[in-house]
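Participant: I am attaching a structure below and will ask some questions about it afterwards.
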Amino acid sequence: MGKILDGKSLANLRAQKLKKEVEILKQDGINPLFCVINIGDDPASKVYVKTKKRRAQEMGIEQKIYQLPSTESEESVLNLIDKLNQDPSVHGIMVQMPTPEQINVNHLLERIDPEKDVDGLTPTNIGHLWQSDHFVEPATAIGIMKLLEHYKINVAGKNVAIIGRSNIVGKPLAALMLEKDASVSVLHSKTKSLSTYTRMADIIIVAAGQENLLTSEMVKKGAVVIDVGINRVEGHLVGDVDFKQVLSKARWITPVPGGVGPLTVELLMEQVVKLTRRAHGIK
Ligand code: NAD
């Protein structure tokens, strides 16, 4: 029977430390400020924005939400980003995805000052990531690395299979895993046989957004399984892993909810504080 990788508890543990750090900054007159740009009415985005706001409040981090209509032009969002880039009281900027059709999200990301890029998604910071010389990383990917580290799961020399090649999870996670000397396979919807790779893997990360995608036949006994997926099924949240079946085969497994999700939010808050410190020249 596998053991649970408790992301929620780790996030709460890290949050206690972060809260103290924020208090110290505030005593020195420094107020971390995090700006979120949400364009349109995507219901999931609204939930994520609300979750971040609540967490920021708990941490003592000020958060401003720019809720823009779904018809907003790209130019007007770029102007807003320029304004936030220039404002010294702003330490972090993120654009909530997805964005409406008329907006090319890459244009927005290119415009964010890399020193205010809490999500680590600007081309500059992605470049730094692949050069193994980075100060900010996409939150979900770095959260997964922190979770493995916390449970002393070493990735060096391990076979790692990542299902999903998104810019926010799969690709940055591949870079972080390579940096720690793992051998990485990045799998996706055009991969011919997922199980050819997953059965060889010591660590499997699933970030596809498809319920029950990873079944127990696809998992080697004793593997570590990280479920990033969030799927709403009959009012409940489930991941991409057939949790019950895989639990009996894996050595370690993350639950959904309570696994990767809370760490993503926590790491985002940590990056706001990190960028605040950098902006003020504090190590
Ligand atoms: P995405 O939605 O942009 O893309 C999905 C990826 O999965 C693609 O690379 C696609 O090729 C691959 N894929 C889809 N179906 C597949 C299949 N049947 N076989 C193999 N590969 C398949 O990816 P995303 O934005 O990284 O999101 C993935 C999932 O993770 C979603 O459920 C999302 O809600 C969730 N997510 C969770 C967190 C968190 O903090 N827990 C953070 C980000 C994303």
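For all residues, glycine too, the Cβ spot is worked out from N, Cα and C.
Straight out of TrEMBL:
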type    : residues                       : note
DOMAIN  : 5-119                          : domain 'Tetrahydrofolate dehydrogenase/cyclohydrolase catalytic'
DOMAIN  : 138-278                        : domain 'Tetrahydrofolate dehydrogenase/cyclohydrolase NAD(P)-binding'
BINDING : Gly164, Arg165, Ser166, Ile230 : NADP(+) binding site
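Could you give the neighbours, burial and distances for every feature on this list?
Facilitator: In terms of DSSP secondary structure, the domain 'Tetrahydrofolate dehydrogenase/cyclohydrolase catalytic' (5-119) contains 61 helix, 19 strand, 35 coil.
In this structure, Gly164 (NADP(+) binding site) belongs to neither helix nor strand by DSSP; it is coil. For Gly164 (NADP(+) binding site), applying a Cβ distance below 8 Å and a minimum sequence separation of six or more within one chain yields Gly170, Leu187, His188, Ile205, Val206, Ala207, Ala208, Gly209, Val228.
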Participant: Taking the Cβ of Arg165 (NADP(+) binding site) as the centre, count every other Cβ atom within 10 Å, in any protein chain shown.
Facilitator: 18
